[in-house]
Amino acid sequence: MSDDKPFLCTAPGCGQRFTNEDHLAVHKHKHEMTLKFGPARNDSVIVADQTPTPTRFLKNCEEVGLFNELASPFENEFKKASEDDIKKMPLDLSPLATPIIRSKIEEPSVVETTHQDSPLPHPESTTSDEKEVPLAQTAQPTSAIVRPASLQVPNVLLTSSDSSVIIQQAVPSPTSSTVITQAPSSNRPIVPVPGPFPLLLHLPNGQTMPVAIPASITSSNVHVPAAVPLVRPVTMVPSVPGIPGPSSPQPVQSEAKMRLKAALTQQHPPVTNGDTVKGHGSGLVRTQSEESRPQSLQQPATSTTETPASPAHTTPQTQNTSGRRRRAANEDPDEKRRKFLERNRAAASRCRQKRKVWVQSLEKKAEDLSSLNGQLQSEVTLLRNEVAQLKQLLLAHKDCPVTAMQKKSGYHTADKDDSSEDLSVPSSPHTEAIQHSSVSTSNGVSSTSKAEAVATSVLTQMADQSTEPALSQIVMAPPSQAQPSGS
């Protein structure tokens, strides 16, 4: 046994033998490649599975807090820059025209809660030509920031009373309302503002975007009293049930996102004469807004929104087009596929109709050509029958004695010498028949009866010629009659 396999494995615990050294080298290499796991584990020892799965990844992200909405790092910078700009602007305002609510209010204030789903109001503004007053001249800088409930353009009403500012802003936040106070009435000329108004839009994702509102008015000679209500946004908790307060900002943002989506999908009501038509909301908010409107306005002609502004007409159109684009982007894939199939079916039906008309025209043309071909074939058949009959007549009169007598009497020489006559007798009935055949063939309308009549007339004249040998010339009338009859 040891003689057959002299090569022994020197590995501990292995006593295998091999016949040659190559097998032993391969076996030793297997020992070297074997993994050493150490002692066997007990079943009680449990190793924690740390395989990175998507579920564990999401769990780790939630623990770290990556899914929480982070505040924009530029938000504070924007706020600080806007406050600095407001502070740097020259504010030479009379004490009666400041939009700050003082301790003593001349007339009782009226609270008006604007609904979130209201459509875009008309941005219109009027002020004096002495000073250019921007939008953000209120006491609180938050009046120029639109909260993330909706992206609505505020309705700005500015009347001039020695550079006085009256601002009405539709605050779309569900946790804010508007306090309206009365300003002293005075009549001043209205002139257009030379530039747009700056505005900061606070988006739902935490970003702040600057927006410029164009302000212009068509007539600069209109005198509008300054008895327009003075409006300043004040943070208040409304009594409408179901709307969370300002203490829970996260549910407010999620609800604002849902309402924004609902507002984009539904059709906005029209805007007429700058009066905002309230959207479908709770009856309490709509009733409050309707009751506060006649109290805030003393005279019906005091509003500056009676004069239409040029950018006010383009704003609803652009909003409608953008709404259509959003609806087209948010369409259901099944609806897109259904419309695609409808267009394909319509195109296929049009193609089939065009092809049917083309095939019908080809069939009609083929029928016309086949009828014309049949007519030509019938004419050819008639002409061939006529030629065959004429050949039979010629063969029948080939050995006729009249023809032999004409040849003997020298009819050919007499025919050649006579040049004063119009028509002469042909040299033979064969030539006469050929001449008649050519005439009838050229016309294409001769018949067998006419050919027989011509042949009999020629034979009759030839018989008369044989009875009168004294005449040297015979003028034949039948050939002249045969030609008009053939024609």
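These residue numbers are counts, starting from 1, taken along the chain as shown.
Any Cβ shown, glycine's included, is placed from N, Cα and C.
Copied over from Swiss-Prot, here are the features:
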COMPBIAS  300-316  compositional bias 'Low complexity'
COMPBIAS  437-449  compositional bias 'Low complexity'
DOMAIN    334-397  domain 'bZIP'
MOD_RES   THR34  phosphothreonine
MOD_RES   THR51  phosphothreonine
MOD_RES   THR53  phosphothreonine
MOD_RES   SER72  phosphoserine
MOD_RES   SER94  phosphoserine
MOD_RES   THR98  phosphothreonine
MOD_RES   SER103  phosphoserine
MOD_RES   SER349  phosphoserine
MOD_RES   LYS356  N6-acetyllysine
MOD_RES   SER424  phosphoserine
MOD_RES   SER428  phosphoserine
MOD_RES   SER480  phosphoserine
REGION    336-356  region 'Basic motif'
REGION    362-390  region 'Leucine-zipper'
| query | Highest CB neighbour count within 10 A among the modified residues THR34, THR53, SER72? | reply | SER72
| field | THR51 (phosphothreonine) versus modified residues THR34, SER72, SER349, LYS356 - nearest by Cα | value | THR34
| note | Least surrounded, by Cβ count within 10 Å, of the modified residues THR51, SER349 is THR51
| message | Mean pLDDT across the region 'Leucine-zipper' (362-390), rounded to an integer, is what? | response | 96
| Using C-alpha atoms, which one of the modified residues THR34, THR53, SER72, LYS356 comes nearest to SER349 (phosphoserine)? | LYS356
| remark: Integer Å value for the Cα distance linking THR34 (phosphothreonine) with LYS356 (N6-acetyllysine) is 80
| field | Number of helical, extended and coil residues in the region 'Basic motif' (336-356), per DSSP | value | 21 helix, 0 strand, 0 coil
| message | Just to verify a number: CA distance, SER72 (phosphoserine) to THR53 (phosphothreonine), in angstrom, no decimals. | response | 31
| request: Between the Cα atoms of THR53 (phosphothreonine) and LYS356 (N6-acetyllysine), find the distance and write it as a whole number of Å. | output: 62
| task | Inside 10 Å of the Cβ of LYS356 (N6-acetyllysine), count up the other Cβ atoms and send me the figure. | result | 10
